[in-house]
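Asks: According to Swiss-Prot, the record shows the following:
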type: ACT_SITE; residues: His169; note: active site, proton donor
type: MOD_RES; residues: Ser292; note: phosphoserine
type: REGION; residues: 301-351; note: region 'Disordered'
type: MOD_RES; residues: Ser369; note: phosphoserine
type: REGION; residues: 372-435; note: region 'Disordered'
type: MOD_RES; residues: Ser395; note: phosphoserine
type: REGION; residues: 464-524; note: region 'Disordered'
type: MOD_RES; residues: Ser521; note: phosphoserine
type: MOD_RES; residues: Ser537; note: phosphoserine
type: REGION; residues: 575-623; note: region 'Disordered'
type: MOD_RES; residues: Ser585; note: phosphoserine
type: REGION; residues: 596-721; note: region 'Interaction with BRCA1'
type: MOD_RES; residues: Ser597; note: phosphoserine
type: REGION; residues: 642-686; note: region 'Interaction with YY1'
type: MOTIF; residues: 699-722; note: motif 'Classical bipartite Nuclear localization signal (NLS)'
type: REGION; residues: 703-729; note: region 'Disordered'
type: REGION; residues: 713-729; note: region 'Positively charged C-terminal extension (CTE)'
Amino acid sequence: MNKGWLELESDPGLFTLLVEDFGVKGVQVEEIYDLQSKCQGPVYGFIFLFKWIEERRSRRKVSTLVDDTSVIDDDIVNNMFFAHQLIPNSCATHALLSVLLNCSSVDLGPTLSRMKDFTKGFSPESKGYAIGNAPELAKAHNSHARPEPRHLPEKQNGLSAVRTMEAFHFVSYVPITGRLFELDGLKVYPIDHGPWGEDEEWTDKARRVIMERIGLATAGEPYHDIRFNLMAVVPDRRIKYEARLHVLKVNRQTVLEALQQLIRVTQPELIQTHKSQESQLPEESKSASNKSPLVLEANRAPAASEGNHTDGAEEAAGSCAQAPSHSPPNKPKLVVKPPGSSLNGVHPNPTPIVQRLPAFLDNHNYAKSPMQEEEDLAAGVGRSRVPVRPPQQYSDDEDDYEDDEEDDVQNTNSALRYKGKGTGKPGALSGSADGQLSVLQPNTINVLAEKLKESQKDLSIPLSIKTSSGAGSPAVAVPTHSQPSPTPSNESTDTASEIGSAFNSPLRSPIRSANPTRPSSPVTSHISKVLFGEDDSLLRVDCIRYNRAVRDLGPVISTGLLHLAEDGVLSPLALTEGGKGSSPSIRPIQGSQGSSSPVEKEVVEATDSREKTGMVRPGEPLSGEKYSPKELLALLKCVEAEIANYEACLKEEVEKRKKFKIDDQRRTHNYDEFICTFISMLAQEGMLANLVEQNISVRRRQGVSIGRLHKQRKPDRRKRSRPYKAKRQ
């Protein structure tokens, strides 16, 4: 295995795929574009590329130069993973292994775990031999390299090909035991750059060291040389975004519970009204189904013609009768319309029907005064409600990511471990769980109850709100949150790293550009219209900033779980060192072997960060407050905006992985066979000679010197020099 290792490009997509081939999980590689800016998030290590000064790396030996920064203590050197590079062109794998095997919080997989255990306590030279004799590493290394160019014939070896090619080398910067080390496989000892400051991260010191090195190599002009590249080994951002989505969906459920509990406390008489209305619904639906004909819904016709039956049609039908079960599946679904209703849901009677909310909501309309409500009632002002088709749910067709999603589905139940007290007992559950939100009349109290019950089944499905509907009341379906719509952006995959990096990328992703940070939520806007009669104040982000619930809970809504007490107090969940919540009602279930879910890790990390910034004191329970319905709706809008934002980020990461694989296929594909076959076919057809002559003639007409034409300049110089000498005489 000492020969045959190929050169690798300094590309974050290549290194990310190489990490996956090594069997490492939860790690990716990002490119650093700006050394002046601070790195966001945890970083396992840096991989630095620079130009190598020697001519031939195949004949080089490990440098024996030792200075004051070299660590010569065998105990320190052997306890870390530092290996001499004994195989040419293996510096990329050496640099990557130097980062991964010196990090204790990385899932290395079977291959690297076995190597780490086997080489524990070995000398750097022995570790170098272990890397060179690992066929799994060599196979993964060469699988991402460009095809090796063919050697030139011996008669054309006048110029050394090695002298004309520039050689580059990879080294690593890793934090080990509180000190920054530079691990270079071509040096006999690791380089110790010392500890970093108390008020800074290790990445800050590493950036300073790298900038000083670039400045020395370029004579004090660090931005005039592009022969350097820097990459960071970071956690997989897909896992981070999925964990944040789990936390946000649990918090959305908690906010809905708080809103439902507030309505139950303020209006206890509504429960009796709800029961009486439920008893009347079967009779009304039965009479309506016997009198009304079967008609096709206009807004469901395109989807039904293709045979795609959506649950939204059943949800819009409400309590009406369904189509017969013996109907073929390729026929459009028929629904029963109430008497007098048209295809568009508009009553044919010219007299407008006043659509009002239930009495308990109209009496507690916080957006209007009682005088204004009486005027609206006298004028017959109704709220128009138009069905809105939900957007297509996000799905990833990538094969390898589907495997990851299967593991994530198993971990979905981890979000259900956090269950707050005071969960209301909803009524009968409707049969639809399609992830839509329907606000029907007149039982708005069941809106939150049905949505909570559906969300407890599967947190990965967008939560829905469902209420019973009386005859003649139109159904309104609104998606739970605004999904990121794919934009007609440039799908070129020539350079997948152009999609952008989390570390100061100069190019912004088209997905993020198409989605604002805080998109307007159709759920909260529609609920605010139903509850309060207006949504202008909730749609403005500036007004949300000054909302009390958003101001108190907004900074921790995506990093920590919310706890709803029995008295309606909503507060963030404080975690102790053991990872268990201070509230007895919300406790994470400890898994086997002490493993924790991504949700628990995210919550612990978020709590630690809040303790560092002074937001939370260790061991101190977090105080909560009661909020008004309008404040809870603003908080719900904030949660759904964060969900939409993280879903866009997750989709961006998935698309970036896809383009990484496309680039890798283009990089590793051998085009020589196709080129040789094409040229041989041209020669067989007698077209090759003519094409060569045409190419040569075009170059001559363009003034390009061919062959020995440039040697005619010497006689011209002698002719010009003779008159000059004669004039001097």
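Residue numbering: from 1, along the chain as shown.
Glycine too: its Cβ is placed from the backbone N, Cα and C atoms.
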Asks: Can you break down the region 'Interaction with YY1' (642-686) into helix, strand and coil residue counts using DSSP?
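Replies: The composition, in the requested order, is 40 helix, 0 strand, 5 coil.
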Asks: Which number gives the other C-beta atoms within 10 angstroms of the C-beta of His169 (active site, proton donor), all protein chains shown included?
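Replies: Counting Cβ neighbours of His169 (active site, proton donor) within 10 Å gives 20.
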Asks: Mind looking up the mean pLDDT for the region 'Interaction with YY1' (642-686) in the predicted model?
Replies: 92
